[in-house]
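Taken from Swiss-Prot, the feature signal peptide applies to 1-19. Sequence annotations record features per position, and here Swiss-Prot assigns domain 'Transferrin-like 1' to 25-347. Annotation source Swiss-Prot lists disulfide bond at Cys28-Cys67, Cys137-Cys213, Cys172-Cys188, Cys175-Cys196, Cys185-Cys198, Cys246-Cys260, Cys360-Cys392, Cys370-Cys383, Cys417-Cys699, Cys440-Cys662, Cys472-Cys549, Cys589-Cys603 (among others), citing sequence analysis. Annotated domain 'Transferrin-like 2' per Swiss-Prot: 357-689, in sequence order, evidence recorded as sequence analysis. The N-linked glycosylation site annotation in Swiss-Prot covers Asn491 and is backed by sequence analysis.
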Amino acid sequence: MRLAFCVLLCAGSLGLCLAFPKETVRWCTVSSQEASKCSSFRHNMKKILPVEGPHVSCVKRTSYLECIRAILANEADAVTIDGGLVFEAGLAPYNLKPVVAEFYGSKDDPQTHYYAVAVVKKGSDFQLSQLRGKKSCHTGLGWSAGWNIPMGILLPPDSGEEAAAKFFSSSCVPCADRMAFPKMCQLCAGKGVEKCACSNHERYFGYSGAFKCLQEDVGDVAFVRHVTVFENLPDKADRDQYELLCKDNTRRPVDDYENCYLAQVPSHAVVARSVDGKEDLIWELLNQAQENFGKDKSAEFQLFSSSHGKDLLFTDACLGFLRVPPKMDAKLYLGYEYFAAIQHLRRVQGTEEPQRVMWCAVGQHERTKCDSWSVLSGGILNCNSEDTMEDCIAAIAKGEADAMSLDGGFLYTAGKCGLVPVLAENYLSQDGKERFGSKCVNTPVEGYYVVAVVKKSDADLTWNSLRGKKSCHIAVGTSAGWIIPMGFIYNQTGSCKLDEFFSQSCAPGSDPESRLCALCSGSISGQPAHTCAPNSHEGYHGFSGALRCLVEKGDVAFVKHPTVLQNTDGRNPEAWAKDLKQEDFQLLCPDGTRKPVTEAQSCHLAAVPSHAVVSRKDKADFVRRMLFNQQELFGRNGFEYMMFQLFKSSTEDLLFSDDTECLANLQDKITYQKYLGPEYLQAIANVRQCFPSELLDACTFHGN
C-alpha cells in the first residue's frame, strides 16, 4: 500500500519522492576523508534508529565556510566547527547558532573549553615575545587556537589581517588567500590547488597538521590546543622533545599546559540555522550516536575516532556532547572577551570610534527617557532598548550595550553573565535630610526592606492565611516582588508549585495565560495591551504598580518599605492614589502579626541590597566616571537639573529608582557576590530551582 501511494505521488511530482525525509539531518563534510566517515556514520546509525528517524545524510563541500553557506541556503543542516568559525557563522548574513557543544576532560567533570598553546621544539632559543620573523604553523585562518588567540596576543590591537600576514617570515595558514597573502601559504604542503586548502587535502591543516608542520622542521612554532601533542605523541619520552611558550616569556613542559597557555577558548560546536534549524532533531541524533558509538561503546564504529585521518566530523579529543541552552547565540557561546578580540584582529587601523556608553533601556517609556538624556549628555551616551531586563543583561554581556541599573535579583543573573556592579543607588532618607555631593556618594549603601502590604480593612488576613488570596508583585525575578516572598513561601511549603499558592496574581514577566498574570491590567495609557509585560507597559508593573494592583484588585502586595509612604497622603497625584491615606494600609509580619507601615524595621520579610548599575569589567571604570559627571549635571540639585532629571520619571522608576538620592561608591563590594551577600544569594538559590532562567542557563553553560 505504501509503495502504491509513493508511485501515485511520484506520478504527480518526482521531486517529492526524491526529497530527504523531514527527520533527516544533512551533515556537511569538507573533504573526501570526512565524506567517507560520514558515510560510515550514516550506515551505522541506520542500524540502531527506528525507520522514522532521525536519519543522517552527507553533504560534501570544500571548506567550513562553504558548509556555513550551505546551511544558510538550507542545503545542509549541521557541521562541527572551531570557536573562531562559530564567530564567523554567527555574523550576518549567516546568523547560525551553536546548538551542541563537544566536551573534554572527563564525563564526571565535562569541560566545554580547551587551552590554546604555542608549541616549539626543545633546544630552540626564543621566547613568545621573540616570534617576529620566525616560521609558523597554524591550524587554519580564523581558528581559535591556530590564529585568533596567538595573533591577538602577538599583534597590537586593531592591526588587521595584513599586519598579521607580515609578522612571520613564512607560514602555513590553511584557508588563507594564497594569492593575496602568499607568505601565509608558503610553508603549506598541499599539491596544486590543494596547497593551503581549508580541509584535510592540505597536509598541514588542522591541529595534527599544524603539529606535523613543526615535527617535520618546516616551522619553528605550532599554534594548537593542549591535547594535540598528547594525541600525536602518546609516549612521554617523545613529548619531552617539545616545550610550550608561556605568556611570561618562559618555557614549560607540554604536560604543564594549565600553567602555560595563551588562552582558554570554547570547545568546538555544532552550528545550525537560527530559524528552522532542526535543533531538537540534531540533538536527538547526536545523543543517540554518543550513547551507541561514543568512547569505548563500539568496536564497529567510533564517533570520536578517525581511521581515515584526524578530527573528522568531530575532534578526536571529544568525550561527548552537551546540548547548548536555547538562549545561547554565538556571542554568548564565545564570551565577550574572545568575541571582541576577534573583532579587534579584523578591524582596519584608524577606524576606532570615540568612547561612549550605550545605556540599555527596558521598554518604550525607558527608551524615551534615555533618548532625552542622550541629547543632553554631550555625545557621551547612546541608547539601546530591549523588552526585558534579561534581554538587556544579555545585550551588555555581548557588547551590544554597556550599562543599566538593576534590582538585586537581576544583578545575580548579570553577575553570572560576567557583569560587575559599578555604582549603587543610595535612597532618600525617610527623615527628609538630604546628603549633598560627596557626602551622599561616599555614604555606605543601606538597601531597603521587603514588606508584605495589605489593606487595613482586611483585618483577618495574616502571613499565615495568605494561601488562596490574590497577590501583587512588582515583577518576576525582582527582590521585593519575587525572590524574597516566593522564597519564604517555598521554605514553608517545600514545593515548587508556587503559582498554585495564590488564587490569582499579577507577576509581570510570567506566562500571560497563567494565573500569575490573571490580575494584570495591561496598558493603562490606551496603548496596545501589554498584559503582564515585565516593563512599564503593564500598569501594575513596579512598586507603585503593585500597590495599585492591591488597591484595585488584590489582597497583598510585595514591595519595598517606602512604597506606601510615597503613594499616600497626596504624594502621588494620579487618580488611583490621590485619596489614599497611609493609615489605610498595614504590614504583614512573618510571625503572624500586623504592624503600621512605618514600622518596617521590625516587620519585614528581608533586608535586601539597593539597585546597582552594572557593566562589563572592561567598561566599568568609564561608566563610573561618566555617571559621576552626569549626576553632577542632572542629579538632585545638579547644575542642569531643570533641563533633565536622572531620578525622576514620567511613569515610575525609569532607568533609575525615583527615590534615588545619588549613585554611590560600592566601598569594598566590588563583586556581585559581595554586593548581594550570602543570605540573599541563598534566597535566590531557593527560588531559582523553581523558576529556571534561560539566560542563566546560557551564562553558566561553560561553568561560570
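Note: Cβ is positioned from N, Cα and C throughout, glycine not excepted.
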Item checked: Protein Cβ atoms within 10 Å of Cys246 (disulfide bond), excluding its own -> 19
Next item on the list: Please compare the disulfide-bonded residues Cys260, Cys392 by how many other CB atoms fall within 10 Å of each one's CB, and tell me which has the fewest.
Entry: Cys260
Next item on the list: Within 10 Å of the Cβ of Cys699 (disulfide bond), how many other Cβ atoms can you find? Include all protein chains, please.
Entry: 25
Item checked: Neighbour count (Cβ, 10 Å) for Cys185 (disulfide bond) -> 24
Check: Cys198 (disulfide bond) to Cys175 (disulfide bond): how many Å between their Cα atoms?
Finding: 4
Next item on the list: Select the most exposed residue of Cys137, Cys188, Cys198, Cys472, where exposure means the fewest other Cβ atoms within 10 Å, treating these as the disulfide-bonded residues.
Entry: Cys198
Notebook entry, point to check: Using DSSP and three states only, what is Cys603 (disulfide bond)?
Noted result: coil
Notebook entry, point to check: Which whole-number value in Å describes the distance between the Cα atoms of Cys213 (disulfide bond) and Cys196 (disulfide bond)?
Noted result: 12
Check: Hey, what's the Cβ neighbour count for Cys196 (disulfide bond) at 10 Å?
Finding: 27
Margin query: To the nearest Å, how far is the Cα of Cys246 (disulfide bond) from the Cα of Cys603 (disulfide bond)?
Written below: 58
Next item on the list: State the Cα to Cα distance, in Å, between Cys28 (disulfide bond) and Cys392 (disulfide bond), rounded to an integer.
Entry: 35
Note to self: Given a 10 Å Cβ-Cβ cut-off, pick out the one of the disulfide-bonded residues Cys175, Cys549, Cys662 that has the most other Cβ atoms nearby.
What the structure shows: Cys662
Notebook entry, point to check: What three-state class does DSSP give Cys196 (disulfide bond)?
Noted result: coil
Notebook entry, point to check: Cys440 (disulfide bond): which of the recorded positions Cys137, Cys196, Asn491, Cys549, Cys589 is the nearest Cα neighbour?
Noted result: Cys589
